[in-house]
Amino acid sequence: MAGLALRLVLAATLLGLAGSLDWKAASSLNPIEKCMEDHDYEQLLKVVTLGLNRTSKPQKVVVVGAGVAGLVAAKMLSDAGHKVTILEADNRIGGRIFTFRDEKTGWIGELGAMRMPSSHRILHKLCRTLGLNLTQFTQYDENTWTEVHNVKLRNYVVEKMPEKLGYNLNNRERGHSPEDIYQMALNKAFKDLKALGCKKAMNKFNKHTLLEYLLEEGNLSRPAVQLLGDVMSEEGFFYLSFAEALRAHACLSDRLRYSRIVGGWDLLPRALLSSLSGALLLNAPVVSITQGRNDVRVHIATSLHSEKTLTADVVLLTASGPALQRITFSPPLTRKRQEALRALHYVAASKVFLSFRRPFWHEEHIEGGHSNTDRPSRLIFYPARGEGSLLLASYTWSDAAAPFAGLSTDQTLRLVLQDVAALHGPVVFRLWDGRGVVKRWAEDPHSQGGFVVQPPLYGREAEDYDWSAPFGRIYFAGEHTALPHGWVETAVKSGLRAAVRINNNYGYGEVDPQMMEHAYAEANYLDQYPEGERPEEQQAREEVSPDEQEPSHKHLLVETSPEGQQHAFVEAIPELQGHVFVETVPQEKGHAHQNIYPSEHVQVHGEVIPEWHGHGGSGTPQMHRVGDHS
């Protein structure tokens, strides 16, 4: 049995490597890949490798958002000599990188990002630079299952004869793998690129849904399209832009090779934080931003009726699109930028983990990869051998996540358990230990969605908005500001671009000088009044520069101890939940991150802090046991 397992692991590894080599060979000739290339990719790779030039004009930079885009930009700017302060509305860092760690077993589950394709060289280089170890993420295992229409087959059968699943494929489609059938439809896209050129072709693709293109342009039969939706999870993209589907497929295919971070993806944001100097303020939601002649002021909610103000030279906003819409800008954003912000289309994404007493899938010779089902769970990902028995029992996005909307955690876990048992038999019920974790990104108060996927641009200009251009002293970064959407490297690229522009003193654009003057005068309105005689609505606003921040009575202060560089909790007042303030000692660059996260633990569907100012923390999830409503 051990010899068989070893052969299966070796076969899966060779298959993944062969798929990667096939993809690399194809990508050098693939016009779609060439069309979607980043013109500045090699430059950004150099920035990750060598860093930015040391600045001769250090600026005070406030970075809003401690996801990977914000942390990467903060690291690069800090290394270049700028004074950086990071503000995060949540009670943790990482954004949509979110690793669950089961205290009982030590197993981990990725509630957010979990893989990176081999083509993402910038992200691979960043991980190596930070000393993070990578290992293979097994995307495909031929011994996994596909179950649709109550027919269940091993995936090595589906690859050769998908019609055995009950799809009435035509003669051209029979005997071809789902991936090959999808490639048949892309042949028309290749012809369009050659005939129209990259820009015109992508404009055309932006005006079609994936479903329209597959049926009308790709000339696939309806059963073949349904096969792709069920087996390749393309159904979630059917009514979205064909251009977006092309970008997604370039990074998401069973024929590509993927990596993951050994020990958990949250080691990436932790390593970034440890490598930069400056301050991090958690539980610090930004409510408004005011630009003046010579500075920009960032207003943070400290309670329901009071604010604190930070003054900086430049602000970098890396929060999600919905979070940005809750910020008041003075002067207001341009109409075009507001329209681009409202046009961002976030799709839901949900993950459900179940904890088992042992990895029963090994008995079926499954060492990783994913099974597919047309039941609500849709995709089931298996941990690699030696990675425990915490099963990603459901991964859904876009419309496929709808069956779980509104369900309680208990209902969700039981529904997913039934789906897993349909694939693997009653042993699933016997081995489940009654615990699980649910993460619905659409219900997260800070992201309010899984990732951006744009719908077709019917009757509108099909070109993507250029988020890299600053709005006065305000810059933007994040997964929504770059392509392809939905990947960690995209967020990294956006953070690098913003850091380069800020370091090069790119300049300030898009702001009407008269509006800037008006905003500056309004921001300084308080100065007309002696202390204690200010207008009531301004009473609670307090101004402080990043250099002079002091913890208020509502803050949880985290300081670096001189001896061990470990964070020591000071002034924690449980009944007054406020900011968590993390700062490094000027002489000693870097953070010790063991205690960055608050000590509160909650179920994913619970809350870490009361809903003051309309914000609920996404929390540090705890394993939920069915029937436990405490």
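In case you wondered, yes, glycine gets a Cβ from its N, Cα and C as well.
What Swiss-Prot lists as FAD binding site is 68-69, 88-89, ARG96, 112-115, VAL286, GLU479, 486-491. The substrate binding site annotation in Swiss-Prot covers ARG115, TYR395, GLY486, TRP487. The disulfide bond annotation in Swiss-Prot covers CYS35-CYS198 and is backed by similarity to another entry. As annotated by Swiss-Prot, N-linked glycosylation site applies to ASN53, ASN133, ASN219. Taken from Swiss-Prot, the feature region 'Disordered' covers 532-554. Residues or ranges marked as signal peptide by Swiss-Prot on the basis of sequence analysis: 1-21.
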Exercise for review: Report the largest Cα to Cα distance, in Å and rounded to a whole number, among the residues ARG115, TYR395, GLY486, TRP487 that the record lists as binding substrate.
Suggested key: 16
Check your understanding: Cα distance, TRP487 (FAD binding site) to CYS198 (disulfide bond), nearest Å?
Key -> 23
**Study point:** Residue pair GLY486 (substrate binding site), ASN133 (N-linked glycosylation site) - Cα distance, angstrom, rounded
**Key:** 23
Exercise for review: Have a look at the recorded positions ASN53, VAL68, ALA89, ASN219 and say which one has the shortest Cα distance to CYS35 (disulfide bond).
Suggested key: ASN219
Check your understanding: So around the substrate site, ARG115, TYR395, GLY486, TRP487 aside, which residues have their CB within 8 A of the centroid of those CB atoms?
Key -> ALA113, MET114, CYS251, LEU252, PHE451
Study note, to complete from the structure: Taking only the CA atoms, the spacing between TRP487 (FAD binding site) and ARG115 (substrate binding site), expressed in whole angstrom, is 9
Point to revise | Spatially closest candidate among ASN53, ASN133, ASN219, the listed glycosylation sites, to THR490 (FAD binding site) (Cα to Cα) | key: ASN133
Study note, to complete from the structure: One residue among the recorded positions CYS35, VAL68, ALA113, CYS198, VAL286 has the fewest other C-beta atoms within 10 A of its C-beta, namely CYS198
Check your understanding: Can you tell me the three-state DSSP label for THR490 (FAD binding site)?
Key -> helix
Review point. Near ASN219 (N-linked glycosylation site), how many other Cβ atoms are within 10 Å of its Cβ?
Key: 14
Revision key, fill the gap. Close in space but at least six residues away in sequence, with Cβ under 8 Å from that of ASN53 (N-linked glycosylation site), the same-chain residues are ALA80, ASN503
Review point. Which of ASN133, THR490 (the recorded positions) has the most other Cβ atoms within 10 Å?
Key: THR490
Point to revise | Cα-nearest neighbour of ASN133 (N-linked glycosylation site) within the listed binding-site residues, VAL68, ALA89, ARG115, TYR395 | key: ARG115
Practice item. Provide the three-state secondary structure of TYR395 (substrate binding site) computed with DSSP. Key: strand
Review point. Between the binding-site residues VAL68, ALA89, ALA113, VAL286, TYR395, which lies closest to ASN219 (N-linked glycosylation site), Cα to Cα?
Key: TYR395
Check your understanding: Can you tell me how far the Cα of ALA89 (FAD binding site) sits from the Cα of TYR395 (substrate binding site), in Å?
Key -> 26
